[in-house]
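Step one of this worksheet: look at the structure below.
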């Protein structure tokens, strides 16, 4: 194959064109996203149980669902959120399951439950994580809430018709006709709320009644007595008196067109607003969707200049900025790689070696969709790593072809013989790289799902690169050297070649020979440096963290007040927080480039706090759009600290959490899970944990998810109620109708569904006295005050009860400023100081870590397992190739010793060791092994030619220096721009780049100087085949 492509005049060019054209055609179809999808496969089950407390929901709904899931296979974990009137159960699938089978099994199991309470609504089972947020649109203006909702619904329909199928509207609850009955009117008419609701339901009808089949035609019969407006509803007859008079609904009630939940609202600069969230399916491209949406929004703003259209939470800007940053650094890296090669080869040869980059990249783009890969930050990093890594094969082959050409061979013979001589070593190097990277592509967990795309894209690029190096490159170098023969070599080229020849003979060969004479001292020094370097981690001087922080452009302030807090009080506190935000903006705006405003936009969503797992008038979320991370100066932690300082202390606030939304693949920095049956013990333990963490600077936003609910009045029937013939169900139904409301009917008005809700007026149900004096209609038509029929006791339950894998759970969460405190050190102190005390004080409480610490430990374990598999694979392969068990150890010893460079690189750059650092180390191991393999192969060849072991070691180092320096320097050069990048968005990538670049830098010296010493040491102790044995095998 090598000879065929080298001799054929067009085959190599045709194959190259095939890769280039196919890859370019595939580029537009590649999906772009910020990060790889790391969300687990989950199914959510929602069950509504109106009016039930959290304890009731747990007992009647949650535990029944857990029992139903007992026989489902591949369940990783079950999380339950039991709150007032609602149960949310999330079931996560393990890695080895089939999701469609998993989903269907759960759906069937839930459908089979037949003992839910009678008032329970039908369970809703749905898959989570099917869509991603792209951007939000805030619409506000001089229009009332109903008109704004109608317009937003119309615009949503037009957006969907224009190619944006996933659009949601927030800021409004469902519309309803609210029928408000006064206590006085009910007494006068002798009706109850349920009686009025039943009258509405029975008379507000639109029904087909059959057909008259006459001789001439069929005539449909239909009752059309359904009312579709407040005025029409007033005419419904709710009672006829004995005298024949009719009592109509309008006589005893006020009827209004309202929103069901008053606190379900969004405000933007003090105005009622609508929020349109534009999302995409997993297979869609974020930037294309955002571009289409922005064009439609701009056109709409021109048609309605009286309305304000504000884009918020635009994920596409962050994505585009990060991809542009990586692309810019990639281009710079490619230029540096070419300059490095030009220092060793002629410009013509360097050009054809560098052409392997676009060929390999575009070939990988062609194959990437087959593995489900997208264009994101980590696949781009994989390509940056590939800038140097994929050059290894081409450099080794080109360098050896150049050596054969220098020996006087013809260009064709040099191309064929040079390629064939190193083909076995190059292919072996490729297979060892597969051994290293292959297991990494299988790492699991949320961090693993993000990081494994790096080895996956590397494997694709390296595979195409190998094909290019064996087929396309020899042909091009053949023709390049043939043309060069007739041209005079430039003086600069002659000087560079002479300089390198001097460097190879005097510096490399001379230094290697001197070090071999003191080889045991070299081994001791390397071992001591290795121990010293590892000691930096063991002593805590070099910090370890799970996953680097990645700053975005959005902040959220999530407010939680006590249950029962009215909306007016929540509104007051929100105004105070917004005023503090403005003062914070005034502090930081002068420090921004060109004094641009730090805060671009903000809006408030009442009734929502995702951290607290609660809804209602006592919660709110403020969302803030900041100046882009690529532009602004300062850290987001500084903004948070200043905003909190400006807010000050708020006496009646349970928690105010200011943070970036989302926590990346590692989860929350602090997440401690407490499990047990006694909720009060769990709460006390959670408070003790928070008190301990508050002692440390840099720890903030501490809270737990167990809180007391609203105050309760618990009623029990007196004997008088039984004597009067009233039942608990009858009294409960009347009270529920009066104080909670009854849905009498549901009708369609235009395209919108309306409920007809019947309840008491607000003025008749806002105090305990109203409850005490509430008149119950007895079975005989008489009325009696509630206080004469029931007793009551005061109490307070829990607002929410969490469960994890069938146990009650309380979770403590928090965040840390990594500049001030290290999460791993905190966790270690917690295990030593807090956990023994908790186990003694609360014996029924189990304590475990979750979030970042657990995900990091899981990913680290998975990656180390992958590394071990790779090392075993390399050892087996090299043992087979070298026909010995000792020489593979020489090849592999450079891997652990390269940790020296990785550790000191992190120290010099001031970056903690993290999971991407470990990935960079493993990826770098492939290059180190490749260099070592070729050095050992050349050393063995030198010995077969009769050289003694020390001389053969010096010769191998001398002959391989150009290839080793080129592979290392091109890789480092390709990574240098991102290594020096000061952008905030590059910080998540720095640990991976540092590990690769500094690890290669250290391994270069190890392979060239230390590895020959180690090889000779093994010869000294008799672990290397003797010269006589080699001569004997050579003669055979």
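A Cβ is built for glycine as well, from the same backbone N, Cα and C atoms used for every other residue.
Here TrEMBL gives transmembrane segment for one range in the set 519-538, 539-558, 559-578: that range is 519-538. Annotated by TrEMBL as transmembrane segment, the relevant range among 286-305, 306-325, 326-345, 346-365 is 326-345. Below 8 angstroms of C-beta separation, residues 1-2, 5-6, 8, 11-13, 15-16, 19, 36, 352-353, 355-356, 359-361, 363-364, 367-368, 371, 373, 376, 378-379, 381-383, 385-386, 389-390, 393-394, 397-398, 401, 415-416, 418-419, 423, 426-427, 430, 433-434, 437-438, 440-441, 919, 922-923, 992 of the same chain, each at least six residues beyond the ends of the transmembrane segment (453-475), sit close to that stretch. Annotation: stretch 889-911 has the most Cβ pairs under 8 Å to the transmembrane segment (992-1018), among 519-538, 889-911, 960-980. Long-range Cβ contacts of the transmembrane segment (519-538) within its own chain (Cβ-Cβ under 8 Å, at least 6 residues beyond either end) map to 544, 896-897, 899-900, 903-904, 907, 913, 1006, 1009-1010, 1013-1014, 1016-1017.
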